[in-house]
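Visitor: Per TrEMBL, transmembrane segment is recorded for B:7-29, B:35-57, B:64-85, B:91-110, B:117-136, B:163-181, B:212-232, B:265-284, B:296-316.
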Amino acid sequence: MTDPQNTPEAVTVLEARAIAKSFLGNIALDNVDFSLKRGEIHALLGENGAGKSTLIKILTGVYTRDSGTIRLDGAEVSPANVGEAQVLGIGTVYQEVNLLENLTVAENLFLGRQPRRFGLTDRREMRRRSRELLARYGLDIDVDALLSTYSVAIRQIIAIARAVDLSGKVLVLDEPTASLDAQEVEVLFSMLRKLKADGLGIILITHFLNQVYAVADRVTVLRNGKLVGSRDLDGLPRMELISMMLGRELQHVTRDHQASEGDVPAGDAAIHFSDYGKRGSVSPFDLAIRPGEVVGVAGLLGSGRSETAFLLFGIDRADSGTATVDGREIALTSPEAAIANGFGFCPEERKTDGIIGDFSVAENIALALQARQGWAKPIPSRKKQALAEEFIRSLDIRPADPDRPIKFLSGGNQQKAILARWLATNPRLLILDEPTRGIDIGAHAEILKMIEKLCAEGMSLVVISSELEELTAIAHRVIVLSDRKHIAELSGAEVTADNIMHAIAAPNRTEAA
Amino acid sequence: MIHSRNLPFVTTLAIFVIAYALCALQFPAMLSTRVIGNLLVDNAFLGIAAVGMTFVILSGGIDLSIGSVIAFTSVFVAVAVGSFGLHPLTAFALVLVISTAFGSAMGAMIRYLQIPPFVVTLAGMFLARGAAYLISTQSVPISHPFIDSVQEFYFRFPGGGRLTAMSMLMIAVFVIGGIIASRTKFGANVYALGGNPQSAELMGVPVGRTTIGIYATSGFLSGLAGIVYTFYTSSGYSLATVGVELDAIAAVVIGGTLLTGGTGLIAGTFVGILIQGLIQTYIVFDGTLSSWWTKIVIGILLFVFIVLQRGIIWYSNRRIDIARLKGA
């Protein structure tokens, strides 16, 4: 008789085949396969928009798939909601919203499955079982206290205890370490190893490669809704994993470096950031930006790219270092202060942070100029109109109608309108976070051309991008980030995709060795 | 030790005890069982409606239709018994089915059409009031041997006070409501929804079923309150009980339930009702005060409680931050 634990069917606990899902015609997942073994920690990697969370939400019953099959222990399943997925054996711990702060620890652990006696909730039994359950995870806390009185790390353990106790086959962890410190991460990982030894299949979503190598057995990489590959981590070089994520095969021929070769703008830097940083956000860094220079910022998701932009624009306040413009020290205490110093910022989340959908194109364009002037001095509507018409012409925004609500424009044209908003203030430093995400190829090229034109006119730009080709095409210098640190700076001929990938991989490699 | 989530309730209870003691010092007669009995009878319909409102507010919602549903119920019962000769029990059963269905429909709209509860129940308020006018614009007196016998049923306290059937019904509703809130899955789901609907859904709470259940409960209890009101006034009148939903909200909030949902106790609402009744009783005893002082004191109390709740939230957040700093 064969041991059922060793037959292939028994080893694979969860198997998803050819999962497809699209939202309003946008393909989020394109025939993705995924399989999870019993007693395995399987990392799921990919940049923003790669389809990680869509896949997880399909597996856990939040979304329904358009096509494909999911097998759990060999039997086909189609969880219609989270509750069903839990009963089937798939439990999830989400990054932020996972438990209820207004309930006690015991109520959180047993919500929806309260022990009952004479038809009513047996609170004493619930308390007893809660204590027992948490003791297995080494927690000895007051289970009658509100969840809100405990730290994030403890809440995470409670959430895991609930998910495992409830489901018991598959545990999905969505960025569980995002708000934990190093020691708490270690505690979490030793717990995961223990659960793994008990035969649980664990899916771990994270963007910290060190953590992937520290705890995971296998990795699946998604990019743009497609499966890039599933690999055993043992013997998978870091460089290869990074190139799977960033979507570029290692190649030693680099593209022609249009903007930078030789013509790095001369002259002294006008804007200096020295020892600039914020605890828990980005480690202190030095950055000097010359007029007419494009500084690229590269790094994996979560490396501190956007956080750097937030610091430069005063959205987050630095707790160390100084910023100077033309040798004069400035205090970037708010976006308003940054605007007053001639800074501009196009955020990554265009839809939520950038545009005001119901406002017209003209109103959206005038917004930053208005903020700079102060709200007490309204811009006359005739001037707004003239401004809008000027930029619609020069940036080729379509349709060329200043009065149309901006939400009816395509992504590329919205992005141009946001660019116009900042250009109207005639900034000396413009920060662009993923300026070309989610826009079509034509608009993509136009925006890159516009960036080149702007810096030729003497404007300084900081461009954050996860597309290496884009960075190498436009940046004079590239800052490379990893684990919220500025770890390298490449300039001139050094700016190649290979060099950037090596820089991202380098410190981690020495650490792992 | 008092957990901080029970602090609003304990505060309310303390305020009631102190206020009652002060009243009793000035008018010793206020200690009599007769006063207590009247206080319960006068507020029986409001108390029953406030239990439904407590569930709604605990879930993070609001129900503005309560006063109109009470008026509709009383007119419906009066006309059904008076003009159509139905037995009161039949009329009660009918009207409870209607009011429960009405609440369920509002809950379904809130859940499935994603319309804010304020808007849906505002529409429900106009609809129910309009339906009451449609039945009769006159005050319809009601008399039936069954109703008379229920009205005459009471337990006598020592000292002459009466615990009427209506008071007993209110107390029963509070007891059952308290058990449902604290000891059933449905109750836990209500608190979960009020805490954070997204988290609740991700934890497997059946959000649709629970939302409909909450507004159905509120509708049912509004209907029951309407029946009690019919007994109380021996008539049905479509202009009656305007704004009772606001009195119910006041009782809930004074009782320590957070208007943002997720925190509170049914027992707190009972104390909230008692405080409102106490103020009215004091005004009657004083004899020189305008009855509008009830509203003024309720207004002040509401302000005090809202500020108190903010303070508690601020304080507990600060404590967590300090604990975190120490841990780091």
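Glycine is no exception: its Cβ is also placed from the backbone N, Cα and C atoms.
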Visitor: Between the transmembrane segment (B:91-110) and the transmembrane segment (B:35-57), are there at least three Cβ pairs closer than 8 Å, leaving out pairs fewer than 6 positions apart?
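Guide: They do not touch: fewer than three Cβ pairs between the two stretches lie under 8 Å.
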Visitor: For the transmembrane segment (B:265-284), which stretch among B:7-29, B:117-136, B:163-181, B:212-232, B:296-316 has the most Cβ pairs under 8 A?
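Guide: Out of the listed stretches, B:7-29 contacts the transmembrane segment (B:265-284) most.
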Visitor: With CB pairs under 8 Å as the measure, which of the listed stretches B:7-29, B:35-57, B:64-85, B:163-181, B:212-232 comes out on top against the transmembrane segment (B:117-136)?
Guide: B:64-85
Visitor: Looking at B:7-29, B:35-57, B:163-181, B:212-232, which one has the highest count of Cβ pairs under 8 angstroms to the transmembrane segment (B:64-85)?
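Guide: Top-ranked stretch among B:7-29, B:35-57, B:163-181, B:212-232: B:212-232.
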